[in-house]
Amino acid sequence: MTEQELQQLVEDISLKSFGMKFRHKARFNPRLRTTGGRYLLHSHDIELNPKHLELFGLDELIGIIKHELCHYHLHLQKKGYHHRDADFKLLLKEVDAPRYCAKIPHAQNSVKTRHLYVCTGCGTRFERKREVDTSRYVCGKCNGRLKKIKG
């Protein structure tokens, strides 16, 4: 899909789903790693991750476009455009847009757990990136002692 085809697709979705024109730029940004797209507040442009189109197809991309257009139209109407706002959640439901996009497999910033602790009282497992001082910290569920298993 070319940039012109993407621009036309975003304009069509905006008219059909929202009944309003999209008057700014839509483009692919291959630098996006962990997100499907983003709405830029200062320029009102929308950037989309081309990997989502490659890996998940056009339907996933259309969902991401609808999600970003929710941010776009609410921001221009001076309504709540954040994920936490009621206006945003309501508009997502109205246009059948997803709240989250599919995760890209093998994303570069996946969390690697190096240390594994187990509570001696209740058996709860705690995976941590950083080491924990077991003499200072206890289990949050039962106040039991922590025992280091891995790391």
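Heads up, the Cβ atoms here are built off N, Cα and C, so glycines get one too.
Swiss-Prot lists Glu68 with the feature active site, giving sequence analysis as the kind of evidence. As annotated by Swiss-Prot, Zn(2+) binding site applies to His67, His71, with the evidence given as sequence analysis. Residues or ranges marked as domain 'SprT-like' by Swiss-Prot on the basis of sequence analysis: 6-150.
Summarised as a single figure, the pLDDT of the domain 'SprT-like' (6-150) averages 93. Highest local Cβ density among the binding-site residues His67, His71 belongs to His67, counted as other Cβ atoms within 10 Å over all protein chains shown. Around the Cβ of Glu68 (active site), a 10 Å sphere holds 23 further Cβ atoms from the protein chains shown. Note on the domain 'SprT-like' (6-150): DSSP counts are 48 helix, 25 strand, 72 coil.
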